[in-house]
Every structure is written in C-alpha cells, then in structure tokens.
Amino acid sequence: MAILVLGGAGYIGSHMVDRLIEKGEEEVVVVDSLVTGHRAAVHPAAKFYQGDLADREFMSMVFRENPDVDAVIHFAAYSLVAESMKKPLKYFDNNTAGMIKLLEVMSEFGVKYIVFSSTAATYGIPDEIPIKETTPQRPINPYGESKLMMETIMKWSDRAYGIKFVPLRYFNVAGAKPDGSIGEDHSPETHLLPIILQVAQGVREKIMIFGDDYNTPDGTNVRDYVHPFDLADAHLLALNYLRQGNPSTAFNLGSSTGFSNLQILEAARKVTGQKIPAEKAARRSGDPDTLIASSEKAREVLGWKPQFDDIEKIIASAWAWHSSYPKGYDDRD
C-alpha cells in the first residue's frame, strides 16, 4: 500500500515523511503547495507533487497516478492564530473548504482512511486542565474554528461515505530531527522556542516574555510541548488503528507536563550556553494561564509512547537544526 502525506514539505509533515521513509514499509507520496513548506525538507525517496489540495483536477491526477494509496495523513493548513483573526475567510477557504474538496476526491477514488492534524485550539479556553477529548470545544479564533469545522465535516463524511478518520489535537510542537538535517523554518516565526534560539544565534536581539502575572508558579504562561517525531509516530499509530477496522475517534497529544515560558528560556540557556537576553512585556489578549493536553487516551488505545519526553532533549534537537542551518532552508526571496 501507499500513504499520501498532505503538507509533507512543512515542519511537522516533513518529519512524518522522514519517519515513513525510515520505516520503509510502504510508498510515500507527498503533496504540498510550497506556499509555506520547503521542497528541501522533503525526503528524496518520497514521490513529490507540488499543488493545492483544493484543486480537484490536480488531486484526482495524484490519486489516479498512485492507485496503491489507501490512506491520507493531512497536515496541510494555515495555522497562524493572529493572522486568522485578521483574515478569517482565508482560513475557512484554505482549511475548511479544502477539506471538503479532499474528501470528495477521496470518496471518488475509494480511499477510506484519513488521519488529520487538528489542534487543541479547538478547545478555546478550556474548562479543565489537563484537557481531555471530552472537554467542550469552544474555539476563540478562526484558526481553531476552521479546524473544528474540518472535524465536523469528517464526522458526517464517515457516516455518509464510510471514510474513517482520526483527528489528533495538540498544542506546541518543538524540536527537530536530531541530526540537524530538517527542522522548523517559518516566515514569519511566531513560536517561542525558535525565537529564543534565534536570539541565541544572534539573529534577534532579545526575547519578549509577554506577561508575568499569570496564575502559574512563576507568573508566565505554562504550555506542554511535543516533538515532531513523537507526533509522526502518533499519526502512524492512528492510521494503523483505522486500518485494523476500529471506529473514528479523536486523540489529544501532549507531554502531559507543562513548562512555563521562563522554564523554556532557562532550559535553552543551559542547552546553548548563551545568555539569551529577555525582556518582560504586557500580556497578549486571549492567552490562557495554562494549557496542557492529556494524552492518556492515546497512550492507552494507540500505545503511544513519546520518545522525546525531556524538554532539554527537545531543545537540543532544535538547536542542532538552527546551528546547522542558521538561515533555515534559505529558499525564500
């Protein structure tokens, strides 16, 4: 059989492709528009197509040329929360409407399994910590709303067309392939750890810590972090779960251990050996005190066991990437 990875040139998707190629059990087909992804991030052993998943004619061609594809792993989506607040229609068009087009083509070609990279942003400001799969989903931004709508669309497609699905919900992804060959390269960069490491590199002057009066031990936001290889393993376990005939269901993924912004900063200083200047700033609106996802269900049902369960190990892998490629993939004008 073969697996189609959508968004396989992106940060998490490229690690998924790398993991699949490393296993060597089935052919890997990648589709990416390269709007935010990087061609150099895609393992050379994967079969690559550049195009938009919302282009039905293009996607039909991909499935037609790869009749062994029986499953889709879907990472292709816009994911900037702040941008989604300013450009909500862009997110509903690309993320939500794109899912409709994809499912139409999957149904046409009889592809019955999809593992979907969702987000814990579908929960909004949660009623409980750690967040469980049963926690009410009340997104507070168009990005989270678009992903929740995608989950809903898949639910009804399962009932109507028998397309089985697993949405995986998680928060902060951090780290890179330990040999430093692939990693995180966003433009603009909005994630805490790569920004901290850019300060360590001298690319940025300082890191801004937004808010020091949250209801947490040191007053800064607490978040959980998961490595992209651990996410890749979870996606593959979820796919195997579906292939074994199990029902569609959602799983939360996370370390189940929270780290504050200051703890991440101190750990990065230790790993890099750099001072990493920091400055405190006012809170950003809409930032909850603590966000930690419970991964108990994934561990019990899927047998998921994160290998990168030490935050310093995660940071060290990211630092290896930043040290190897200080300008990232350097493929943007």
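Just so it is clear, glycine is given a Cβ too, placed from its N, Cα and C backbone atoms.
Among the candidates Arg159, Arg223, Arg299, the one that Swiss-Prot lists alongside Thr119, Tyr143, Asn172, His191, Leu192, Met208, Ile209, Phe210, Arg284, Ser285, Gly286, Asp287 as binding substrate is Arg223. Calculated from their C-alpha atoms, the gap between Lys147 (NAD(+) binding site) and Thr119 (substrate binding site) amounts to 7 Å. Around the Cβ of Ser285 (substrate binding site), 6 further Cβ atoms fall within 10 Å across all displayed protein chains. Taking the Cα atom of each, Tyr143 (active site, proton acceptor) and Ala77 (NAD(+) binding site) are about 9 angstrom apart. Put simply, of the binding-site residues Tyr11, Ala77, Asn94, the one whose Cα is nearest the Cα of Arg223 (substrate binding site) is Tyr11. In this structure the C-alpha atoms belonging to Ser33 (NAD(+) binding site) and Thr119 (substrate binding site) are separated by 21 Å.
Distance between Cα atoms for Asn172 (substrate binding site) and Tyr11 (NAD(+) binding site): 12 Å, as a whole number.
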